[in-house]
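The structure appears right after this line, and notes come after that.
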Amino acid sequence: MPELPEVETVRRELNQMIKGQTITAIDVRYPKIVVNPIAQFKQLLIGQELVDVGRRAKYLLFHFGDDLTMISHLRMEGKYQVRDNLQDFDKHVHVIFTLSDGRYLGYRDVRKFGRMEVVPRTAELTTKGIAKLGPEPLTPAYTYETLADGLQRKKKNIKTVLLDQQVVSGLGNIYVDEVLWQAQINPEEPANNLTTAQLTALYSAINDTIQAAIAAGGTTIRSYVDAAGNQGQFQLQLRAYKQDGKPCQRCGTTIEKIKVGGRGTHFCPHCQKLN
DNA sequence: CTGCGGGCCTGTCAGC
DNA sequence: TGCTGACAGGCCCGCA
């Protein structure tokens with residue numbers, strides 16, 4: 001499911017719903033979701049108060065009182081649910097936290113790709129996966145120079161580089177297709193072959209698209225809902241992703257779907273030509 | 001170091 | 001209808 005705008009939406013919902021709660025029990029029904037040994041995971045978190053939920057790119061950072069962070073990555077399908085009764089969780093809910101007010105926080109993940117791990121808060125940004133993340137859109141670290149310099153050093157196609165999280169973080173398959181359409185760049189263009197005009201357009205397109213998607217509460221294609229069960233609305237504004245067979249909203253040419261780097265890729269063959 | 005393919009899992013959908 | 005294979009908002013690992 002989730003790219004930066006969806007994870008940010010979940011983060012805001014969790015803060016509204018469960019910030020300030022203390023974990024009183026944990027039921028791990030599918031142990032591989034949890035990176036720590038299960039006994040350690042429980043021992044560290046039970047009794048801890050959730051101070052706030054932060055985020056780095058697509059990672060949720062649950063900050064607990066005793067300088068602990070639970071890093072949670074939703075991968076393809078992970079989602080959090082807050083419920084009053086245990087019976088409200090189905091077979092795809094793999095970790096359940098009992099909260100001090102009697103509610104439950106469940107982690108549901110049909111494909112079981114997601115992972116959660118407790119680390120000292122001082123280590124949260126140097127943990128594997130997070131340590132190598134590039135700057136993310138809408139932050140001071142994300143500048144035109146970091147984007148242009150980063151892309152200059154990559155020979156791979158632009159789509160693969162934008163999905164890689166090292167030059168810029170937070171984009172996934174949906175938003176990469178969207179920003180490349182917006183900036184009129186062919187997804188197979190070598191990253192170090194973009195013109196200055198394309199770099200300028202891409203830099204802005206990334207910020208603008210992520211901002212609009214957050215404002216819309218993310219994109220719901222198949223299954224994404226936020227922690228309150230709400231669907232996103234950005235799918236109504238998509239102009240490339242899943243638009244194959246439809247006319248390009250800029251030029252009317254039929255949007256095509258191809259494979260780039262093994263990922264389904266949607267683009268307009270007329271306004272996104274190779275340089 | 002980079003690039004590529006496979007793995008992790010389950011569900012859905014198109015095509016035969 | 002039933003089966004089979006491809007595909008799905010992501011990331012990691014091992015190998016060449």
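Including glycine, each Cβ sits where the backbone N, Cα and C put it.
A TrEMBL annotation is a machine prediction, not a hand-curated record.
Here is what TrEMBL records for this protein:
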ACT_SITE  A:Pro2  active site, schiff-base intermediate with DNA
ACT_SITE  A:Glu3  active site, proton donor
ACT_SITE  A:Lys58  active site, proton donor
ACT_SITE  A:Arg263  active site, proton donor
BINDING   A:His92, A:Arg111, A:Lys154  DNA binding site
DOMAIN    A:2-114  domain 'Formamidopyrimidine-DNA glycosylase catalytic'
DOMAIN    A:239-273  domain 'FPG-type'
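Each residue contributes its Cα atom, and for A:His92 (DNA binding site) and the residue listed as 'active site, schiff-base intermediate with DNA' those atoms are 17 Å apart. In the structure shown, across all protein chains, A:Lys58 is the one of the recorded positions A:Lys58, A:His92 with the greatest number of other Cβ atoms within 10 Å. Sparsest Cβ environment among the recorded positions A:Arg111, A:Lys154, A:Arg263 (other Cβ atoms counted within 10 Å): A:Arg111. In the three-state DSSP classification, A:Glu3 (active site, proton donor) falls within coil. Across the domain 'Formamidopyrimidine-DNA glycosylase catalytic' (A:2-114), mean pLDDT in this model comes to 96.
A:Glu3 (active site, proton donor): 22 other CB atoms within 10 A of its CB, across all protein chains.
In sequence order, the recorded positions near A:Lys58 (active site, proton donor) (Cα within 10 Å of its Cα) are A:Glu3, drawn from A:Glu3, A:Arg111, A:Lys154, A:Arg263. On a Cα basis, A:Glu3 (active site, proton donor) lies 15 Å away from A:Arg263 (active site, proton donor). The binding residues for DNA are recorded as A:His92, A:Arg111, A:Lys154; their greatest pairwise CA distance is 39 Å.
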